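The domain 'Serine hydroxymethyltransferase-like' annotation in TrEMBL covers 17-390. Residues or ranges marked as (6S)-5,6,7,8-tetrahydrofolate binding site by TrEMBL: 130, 134, 135, 136, 254. Taken from TrEMBL, the feature site 'Plays an important role in substrate specificity' covers 238. Sequence annotations record features per position, and here TrEMBL assigns N6-(pyridoxal phosphate)lysine to 239.
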Ligand SMILES: Cc1ncc(COP(=O)(O)O)c(C=O)c1O
């Protein structure tokens, strides 16, 4: 839990912000109020520790450090070098990786670097269909991955809603991709990395695991690691892992040079050294016994919440979850994903509408929602709290917003949410 005293959390710098720019200081405080006053169920969000926030708010932000430790294009980098070296060592140790790069500004930047290391424009990349849980960087036509590369998509099976490994193999044999990507943005189940490795070897493709969502569970040893199987693992540092917003690449030693060159100078300029330092802080936190217990609890909470919502009549895609996230099909309760998102918003429950596999509805009006347990777990909530959240979420989803009775119901749910989060607040006052 992130217990902080107002004094140490904000320190004199926040006083300076309040004095010099009350408008932006107001935004910061209002956002803190929003986090404290409601339930954050966005699967890709979390509540970073005061130590991570301190590194992010430090003067390391000032330093230009193009290049890598001891090989910089600027003077005066000997101090920030230490942050990057410590962070790289921690990442390698935590994940058992031969090489780590902490400079990607985001998960999308990490993915761009992996593409650049292993493929040329026009090459074929095999990845999960966006409509079934793949990410924009896995071949969307509005993204570099779909514009500069030739994406081929695999899907989940209609019956089980699990990845169709036979189809992945067939498509790989047919299209001979340069890269095969395993990993998604809305897939609740474990991925069979050994199966992907076998398919990649058969067709001579590089295996890239986009672990953006679940790397934090791997860090906590709560699910199997892709590192032994993948040529390259890309990740974000701000989801379950609970670090600063940013990206990371782990790879085999043989690919280290190609990956480093693909991050800088190919796709980025100067690294954000405050973010690199904050990643190092988060990686240290992730090596603790407390973090491992948190990672196990994230999954236990996601499973308890999924079960509670199934009891309320919603359908968990693929029958449940092995991870931190659940996709819910709302057709059985006659509500669209958009309606559910708006109603939950009014009840101080933050989540997002999401397409479900083979969704008959268009992407802007999808049939489902995606929910995740990282933030509420960081707040210290456990399975019994999930049962309560499931009940409140269901009441909100089913409330006829815009009618007097529905709006009254949403107000009631909002006050029940306030009472619930008061017992386990985000960023509790010290
Ligand atoms: C699977 C996957 N890859 C990459 C990304 C991109 O991360 P970022 O938003 O940091 O660019 C995301 C973000 O949600 C993701 O889910």
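Keep in mind that glycine also has a Cβ here, set from the backbone N, Cα and C atoms.
For ligand 1, the neighbouring recorded positions among 134, 135, 136, 238, 239, 254 are 135, by Cβ distance under 6 Å. Put simply, of the binding-site residues 130, 134, 254, the one whose Cα is nearest the Cα of residue 238 (site 'Plays an important role in substrate specificity') is 134. Between residue 254 ((6S)-5,6,7,8-tetrahydrofolate binding site) and residue 239 (N6-(pyridoxal phosphate)lysine), the C-alpha separation comes to 28 Å.
In the three-state DSSP assignment, the secondary structure recorded for residue 238 (site 'Plays an important role in substrate specificity') is coil. It is 16 Å from the Cα atom of residue 134 ((6S)-5,6,7,8-tetrahydrofolate binding site) to that of residue 239 (N6-(pyridoxal phosphate)lysine). Here the Cα atom of the residue listed as 'N6-(pyridoxal phosphate)lysine' is found 17 Å from that of residue 136 ((6S)-5,6,7,8-tetrahydrofolate binding site).
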